[in-house]
């Protein structure tokens, strides 16, 4: 399996594959990024083993060693794609950049190789159309933190073959996840429900109907959510949320659920993107 990744956090997606015995090649633009990703995976494995092997430290050390042996890195995707069964892309959420990557890899990957995208908001069909293997293309949307979250959304386009779909479902189960199936609809299942909910919370606040603090408390205590919508927006990143809603609005401009938010746009323009910048809807130390 080859993974093309531009995010240290999303590299954890493939820790679970290596931990379940799959041979994984993590590909990125530079050795520096790959070192950060590998270090992040090692730290994540240590956290996992503390819980999984609490009473068996030697077994935990062996688990980490075996997992890391299954994981190698490279800066040359073309060189490693020649001998792989599955390519998973997890780069920046940009349609053009993803298309260019898939178009390039499509020329060198074996005919049987399946391509999958870990996108959370872009249409899998459009990504598949950048290749000549539309029948061997699908979506595998993991959820953060990947080592802990059991869910994977398996996305089947109208062109995805049944064999490809079954292979993606089987792979998801093999890495210890619980896959759910969804057609290629904006946001799939989770984000299609979650993003409009968060945007409606922003609109509620924009209208002055309730404070953001009270909205968060209400959803945590009234609906049992672990985080309120504003806390979640800050955690996800306001720029990411804006990118998603703007993309959906462009696809369906008459859908009221996909209307942009002036307040969200203002915060992103001011570089107040949430936890990662120290300020979003809330301030962080």
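Keep in mind that glycine also has a Cβ here, set from the backbone N, Cα and C atoms.
Curation does not apply to TrEMBL; its annotations are automatic.
What TrEMBL says about this protein:
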type    : residues    : note
BINDING : 44, 51, 120 : CoA binding site
DOMAIN  : 15-185      : domain '3-hydroxyacyl-CoA dehydrogenase NAD binding'
DOMAIN  : 187-284     : domain '3-hydroxyacyl-CoA dehydrogenase C-terminal'
SITE    : 141         : site 'Important for catalytic activity'
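Cβ-based crowding with a 10 Å cutoff singles out 141 as the top-ranked of the recorded positions 51, 141. A gap of 25 Å separates the Cα atoms of residue 51 (CoA binding site) and residue 141 (site 'Important for catalytic activity'). The binding residues for CoA are recorded as 44, 51, 120; their greatest pairwise CA distance is 29 Å. In the predicted model, the domain '3-hydroxyacyl-CoA dehydrogenase NAD binding' (15-185) has a mean pLDDT of 91.
Residue pair residue 44 (CoA binding site) / residue 141 (site 'Important for catalytic activity') shows a Cα separation of 20 Å.
DSSP states for the domain '3-hydroxyacyl-CoA dehydrogenase C-terminal' (187-284), grouped as helix (H, G, I), strand (E, B) and coil, give 64 helix, 3 strand, 31 coil.
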